[in-house]
Amino acid sequence: MSHLNNSAPGREHIPVYPKGFMALRIVQLVFAIIVMGLAAYSASWLPTSGNIYIIVVALFTFVTSGYHLASNFKAPNLYNYWAVLGLDCFMVLMWLTSFALLATEARLLIAVTNYSYYTSADGYFYDDYYSGTASIAPGAACMGAAAGFGAFNFLFHIISLVIHSIRLHRHRTAGGQASAGASHGLPISHHPAAYPQPSQYFPPQQPQPQAAFPQSPFQNEMPNNQVYGKQG
């Protein structure tokens with residue numbers, strides 16, 4: 001199978017992706033919407049740095065995955081495989097740090113609420129601070145759910161990065177270009193007509209007639225064994 005996208009003019013610079021790859025981009029957007037909704041709800045209970053951070057990462061996903069979808073289907077002139085590679089690497093790092101931070105905050109809040117329920121139910125002590133933590137239990141649960149969906153989106157971006165890297169390598173090996181209108185990166189042997197041949201600058205030499213030298217009248221009279229003074 002050719003790794004150059006020749007399905008339509010102007011799409012030669014887009015690598016050939018496997019079926020379902022663009023559906024993975026849509027799944028990334030759907031999970032980003034879910035994460036943003038859960039994080040926004042938990043931030044209404046308790047705005048933490050993890051909530052705000054993962055909301056920003058979800059918004060970045062709309063830009064990165066949306067760019068790949070739009071440039072692949074609607075505006076192929078905007079596509080550049082180096083841009084897609086860089087954005088995937090960036091989003092892998094962003095999702096990793098955001099869901100890890102939010103999961104840490106959610107674990108601490110859930111531990112505090114569970115401890116408040118335990119101490120108040122057993123009658124050891126009842127403190128206003130711990131009793132107030134029960135009101136943030138729904139927010140803590142939403143934070144944990146947002147961290148879980150964020151972990152899935154991190155995994156989805158890892159998959160898209162690996163697939164894109166493999167197809168990018170095959171596309172470049174086949175001589176594909178990076179963006180619309182760029183020159184192909186093929187070796188010289190792949191473009192014999194694009195390079196001048198030596199015959200274009202140095203036309204073949206025509207054979208020159210050789211001058212006939214007069215033959216000595218005494219050459220035929222000399223025996224073969226005495227030519228050049230050799231003695232038999």
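Each Cβ is built from the backbone N, Cα and C atoms, and glycine gets one as well.
Database features, via TrEMBL:
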| type | residues | note |
| --- | --- | --- |
| COMPBIAS | 195-219 | compositional bias 'Low complexity' |
| COMPBIAS | 221-232 | compositional bias 'Polar residues' |
| DOMAIN | 23-162 | domain 'MARVEL' |
| REGION | 195-232 | region 'Disordered' |
| TRANSMEM | 21-46 | transmembrane segment |
| TRANSMEM | 52-70 | transmembrane segment |
| TRANSMEM | 82-103 | transmembrane segment |
| TRANSMEM | 136-163 | transmembrane segment |
Confidence summary (mean pLDDT) of the domain 'MARVEL' (23-162): 84
Selected stretch (most C-beta pairs under 8 A with the transmembrane segment (136-163)) from 21-46, 52-70, 82-103: 21-46
DSSP-assigned states of the domain 'MARVEL' (23-162) in counts, ordered helix, strand, coil: 128 helix, 1 strand, 11 coil
